[in-house]
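Asker: So that we are looking at the same thing, I have put the structure below in structure tokens.
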Amino acid sequence: MSKSFILSTGSYLPKKILSNNEIALIVETNDEWIRQRTGIVQRHIADEGELTSDLAVNAAKNAIEKAKISIDEIGLIIVATTTPDKTLPSCATIVQSKLKCKNAFSFDVQAACSGFIYAVTVADSLIKSHNRIKYALVIGAEIMSRIVDWEDRSTCVLFGDSAGAVIIKSEMGSSGIISTNLHSDGNVDILCTNGGVSSTRDSGKILMNGREVFKHAVDKLTASVEETLKCNNLKIIDIDWLIPHQANIRIIEAVVKKLDFPIEKVINTVDKHANTSAASIPLALDYAIQESKIKSGNLVLLISIGAGLTWGSVLLRY
């Protein structure tokens, strides 16, 4: 049976690194306070001239090089982002132009921190149903530093900028994407921006009810894992690696504890990258592969939750 297979991964981190001590010069906080509550030590920040599409293109080129394919072989480009260059056109079409990719159709997916999970699910469906798609390029890219309130210590310490990408192809065999699940609940308005094009004519800044986000994140991420296991007749011990959205170490630890899953089998990059929203999971996936943690044949579960609320999972055999 043909499955969507992740052929390669890529990532890009802006050169500028902002430490907790440097943030303490901006708002009333300190390194110990941030580490204890979030697990974050530093975050990467885009240069003034860098755009989300630039980060996306760099991650894409990294993935394309590893895949050893021609850009002209790519038939689909999906960019998951909350921070596009412009309201229109889509970030994906800008990326397509910068890559000089002539044979793809492209569009954005906006599901906040769950964006990459949503984008992979869409790509999985499209690559199976469209014969013209030989390879799909799926990117999560964010410049979250542009939509945080740098006077709000409860949110500005949490986020960073980055991009991660994967090349997906349809392939016969046991490896590949096994299942996905997506959920949303528009009634849970606990993470949002205080503006938007049609309401305030600007993008606004991030607002968050931290306590409620923690509660919902732990409950829904745990439920998403349990749903995936049930649908595939698996037990938690069958999972080789868990890659959760890199939002906060406390959320990750609470989910792992509820699942009775060994923390040693969890990919954690939140200390180095902070919360990079839709880029979080592809960035962590690329890191885990480059560090030879994830190996061929491993069963890997990706889980995420974001504003909306949106949440979901992707189960794959690498």
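Cβ coordinates are placed from backbone N, Cα and C, and glycine is handled just like the others.
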Asker: Of 6-10, 246-250, 276-280, 306-310, which span is tagged region 'ACP-binding' by Swiss-Prot?
Answerer: 246-250
Asker: Could you please provide the mean pLDDT value for the region 'ACP-binding' (246-250)?
Answerer: 97
Asker: For CYS113 (active site) and ASN275 (active site), what Cα-Cα distance in Å is obtained after rounding to a whole number?
Answerer: 9
Asker: Using Cα coordinates, what distance in whole Å links ASN275 (active site) and HIS245 (active site)?
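Answerer: Rounded to a whole number, the Cα-Cα distance is 8 Å.
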